[in-house]
Structure formats: structure tokens, C-alpha cells
Amino acid sequence: MLPINNNFSLPQNSFYNTISGTYADYFSAWDKWEKQALPGEERDEAVSRLKECLINNSDELRLDRLNLSSLPDNLPAQITLLNVSYNQLTNLPELPVTLKKLYSASNKLSELPVLPPALESLQVQHNELENLPALPDSLLTMNISYNEIVSLPSLPQALKNLRATRNFLTELPAFSEGNNPVVREYFFDRNQISHIPESILNLRNECSIHISDNPLSSHALQALQRLTSSPDYHGPRIYFSMSDGQQNTLHRPLADAVTAWFPENKQSDVSQIWHAFEHEEHANTFSAFLDRLSDTVSARNTSGFREQVAAWLEKLSASAELRQQSFAVAADATESCEDRVALTWNNLRKTLLVHQASEGLFDNDTGALLSLGREMFRLEILEDIARDKVRTLHFVDEIEVYLAFQTMLAEKLQLSTAVKEMRFYGVSGVTANDLRTAEAMVRSREENEFTDWFSLWGPWHAVLKRTEADRWAQAEEQKYEMLENEYSQRVADRLKASGLSGDADAEREAGAQVMRETEQQIYRQLTDEVLALRLSENGSQLHHS
């Protein structure tokens, strides 16, 4: 960075003397602007950067994070990048016609000036914009999220990436016809959009449109699902959610939300305990999650569900670590539909069981630990399958896809952590054939991969450290001895074989692979030894139906 000096003087040579009048006009205006600074503004630093930019003929001007309430009217005419983000700006001056990139996020802008004709990137998220000016044809990327925009102007043909999340848009813009080669990704999540224009089908199938958490009518959802399910469909991939985006942001005190799950004779004691956790991180959203959980299909229809939740809450009250993990898992669950809450409940039960395993609950019950590990493995495979399924769908709510595989296969795969009912299976796009294929794939991969996976599972390592300390120490010594004696040569051999010797990125990747292979070999040997001993003693078995 150049030395800071607010008292720039013009060099006394013929070149600068020729244009000194121009410089003087800039400097005089900037010095006057600096003297009008409000308390807390760093206008002296801003003027220093302005003068440096002008004298050095720099194409970038960065005035971000200076707490500025305004900018001078005459910005350097040659700049192609202007960054004024994280200030207190309520408006912008006339922008240089040369400007290609404008960053003015996290200000208080209510409107924008005329945009330069060559502008390629507009980043004005987190402001107070209610509308936008005409967008230049050159625009490639635009982020206008977290504003108050009700409608959009015509979108340039060149626009590749648009983020308009959390505004007040009531409709999508028209999408132009023709075989435009541009691959687009547009985000309109969490607006007020109730219908989808037919022009959305003009976009190519490589394009993606995100419209989650909007009040889409059931008619619009059904029509889109029908269109996108057609074998002849060649339009964009559309990501939606069954949420209408209108969840109540009010929440009641955490203790009240918790005690509602307990019988009346316990509520006073429970309230007193949970009152102490009111100010923990994510406590408010956890309270809202509990209230939404009570309105799920499982809560209404599953016998013993309330008792199950109450028992879980008791465990949370006794463990700060588990409570912190659970609050974090539930943090976003209230921002989507009922099935998102159900999927989060699945994840919370997984968190509890893995925590209990790590803390020693299964130290003396290897069979139960294997069963838990097997369930976690099956869930991981189902997540992989769901992820692949999402890629094949053109109209998709990812939450419904992930939950569908868990819910519909809960009984066949003995998934104790999965809810047995979901509300919107019909829009998941998961077919009966998908479920049969998924079950077969899980069982096949379990047969071939589970023991390797289990040998690297964190809770199993925690059990080994506590109950097989000597064997664990020997395994660690063997691992580090192998790394010390063989690691470098194995990495070098791998790089040479691939013709990437001397490539730093390839070396890091090869090193990670060698490390994984070493750990797999050592921990698999240890696991086989311990399981052979323990399972023969209690009659359990490694392979399970």
C-alpha cells in the first residue's frame, strides 16, 4: 500500500504542469468534502486513496469500511472497479463511464444512479433499494439480495448470475426466447412470488432457477411438476420448496417451548432448568423449532412421540456440549416447510446417538455400537443416493428428496432415527423403483464397505481409546512409524506415476490419499482384532440383515 499522505502536491515538471488544472479541481473538491466529515467518518483516509488513485492512474478505487455517509461528486474518471461496501451511504454520485465492477454492499442505499454502459458486475446486497435503474447490456453478474425491491427491470441477455434473495418480488421477470447460449443461475428465494411465467421454459436445461420459500400456489406447483416431468422437457432445473416463506418469526421463551412437551407435574422443574439456557446461541430458533415440531405429521400421528422428545430434551439439559450441537443443527429448520423440520428431527436424533457413543454409552455393548454404526452408514449412503437423484430432477425440493428416502425406507433398513411419515412425499419425485434400487444399493455397499467405514468412524475410535488403550497406542505407533519411513517415498512414487512431480497441489492431494490409505490399513487391522475378540465373547455378529 502507498504511504498515506493527505497533503499531496503536484510535481513540478512539464507533464504535471500541463494538467495541473485538472488535478487541482479534483483535489480542491476532495479536500472540501473531507472537511465536511461527520464524527466517525474516515474521510481523510478516503481522500488519501482518491489522490493515490488519480496520481497513479489506477483502475481500482477501494473505499470500503470507512464509515462514509457520502462520496465526493467527482470520482476518478479512469477507474473500472469501485468498492464502497460496508459504509453508511444513502446514495451514490454519478459513476464513471469506464466502470465495470461496482461493489456497494451493506450500505443504506434507497436508489442507484444511472449505471455505466460497460458495467459487468453489480453487487449491492444488504441495502434499502426499492427499485433498480435500467440494466446495461454488458451486465454479467448481479447481487441485489436483502433489499426491498418489488419488481425487476428487463434482464440483459448476457446476465449469467443473479441473486435476488429476500426482497419483495411478486413475480419473476420475463425470460427471453431463442437459443441463448448463456448458462444462467438465478436465485429468487424468499420473496412473494406466487406464480411462474411460462417464459421460464425458454431457458436452457443447463440453467438453474431457485424459488424456495415463496407463496407458490398449489396450482402453480402442480402445473410446473407436470411440465418438468414430461420426457420432452428441455427447460431449466427449478429448485422450489413446499414452504410458503411466511413462517412467523415470533417465538416464545425457550423454557415455555420445552415444558410444553412434558406432563404437567414436571413442567415447573423443567421450566426452572431450561430458563438458565435462554441466552445460549440459537436458543430462540430452537424454541421456534420445538413449536414447529409439535405440528408435524409424526407429532400428530405417532404414538409415544411426545415422550420421545421429552426424554431427548432431558438429555440436552444435562449436557452443554450436546445442547450446543443440537441448537446449531436446529438453527435453520424453522425457515422452511414441515418436512424440513422432520428432517432436522432425524438429524438431531443422529446427533444424540453419536454423542452418546462418543461419551461411552456403548463401551460395553459392541453389538449395539455396531448396530448404530450400521445405521449411520446406511444414512450416509442414502444421502449420496438422494444427492444423485436431485441432479436428475428438473423441478426439485431437495428436502423432500432427502426425507423421502429416509422415511420410505425407515422400516426396511431399520432406521431408528428416521420419522415414519412425511407430508409432501408426492412432490419428492422419488418413485417406487427409486426406493427398490436404493435399498439394494445400500445393502450391496454395506456388504462390501461397512467394516472399512466402521474402522474409521470417530465414535468407534473413542471407544477404542477408552477400552483398548494398549492396542490403540500400538496402532498409533505403527501408523506414525509407517508415515515416517514410507510416506515421502509413496507420495513421490504416486506423483511420478501421474507425471505431476513438482506440482504443489498434486503433492497435497497425493499426501492426503497416502494418509487415508495408511489409516485405513492400520485401523482396519485393529478393528478386526478387537471385533473378533468381542463378538466371539457375546455372540454378536459383524454382518447384519
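Glycine is no exception: its Cβ is also placed from the backbone N, Cα and C atoms.
Model confidence over the region 'Interaction with target proteins' (1-242) is summarised by a mean pLDDT of 86. The annotation region 'Interaction with target proteins' is assigned in Swiss-Prot to 1-242.
Annotated region 'Linker' per Swiss-Prot: 243-250, in sequence order, evidence recorded as similarity to another entry.
Under the heading region 'E3 ubiquitin-protein ligase catalytic domain', Swiss-Prot lists 251-545.
Counting residues 6+ beyond its ends, the repeat 'LRR 1' (57-77) has Cβ neighbours under 8 Å at 25-26, 29-30, 33, 38, 40-43, 45-46, 49-50, 83-98, 103 in the same chain. Taken from Swiss-Prot, the feature repeat 'LRR 1' applies to 57-77.
Using a Cβ-Cβ cut-off under 8 Å and counting only residues 6 or more beyond its ends in the same chain, the repeat 'LRR 2' (78-99) has close neighbours at 53, 57-72, 105-119, 123. Feature annotation from Swiss-Prot assigns repeat 'LRR 2' to 78-99.
Taken from Swiss-Prot, the feature repeat 'LRR 3' applies to 100-117. Remark: secondary structure over the repeat 'LRR 3' (100-117) totals 0 helix, 3 strand, 15 coil, with classes taken from DSSP.
Counting residues per DSSP class in helix, strand and coil order gives 0 helix, 3 strand, 19 coil for the repeat 'LRR 4' (118-139). Annotation comment: Swiss-Prot describes 118-139 as repeat 'LRR 4'.
According to DSSP, the repeat 'LRR 5' (140-157) comprises 0 helix, 3 strand, 15 coil. Residues or ranges marked as repeat 'LRR 5' by Swiss-Prot: 140-157.
Note: the repeat 'LRR 6' (158-179) comprises 0 helix, 3 strand, 19 coil (DSSP; helix = H, G, I, strand = E, B). Positions annotated as repeat 'LRR 6' by Swiss-Prot: 158-179.
Residues annotated as repeat 'LRR 7' in Swiss-Prot: 182-203.
What Swiss-Prot records for 205-228 is repeat 'LRR 8'. Under 8 Å from some Cβ of the repeat 'LRR 8' (205-228) lie the Cβ atoms of residues 165, 172, 183-196, 234-241, 243-246, 335-336, 393-395, 397, 427, all in the same chain and six or more residues away from its ends.
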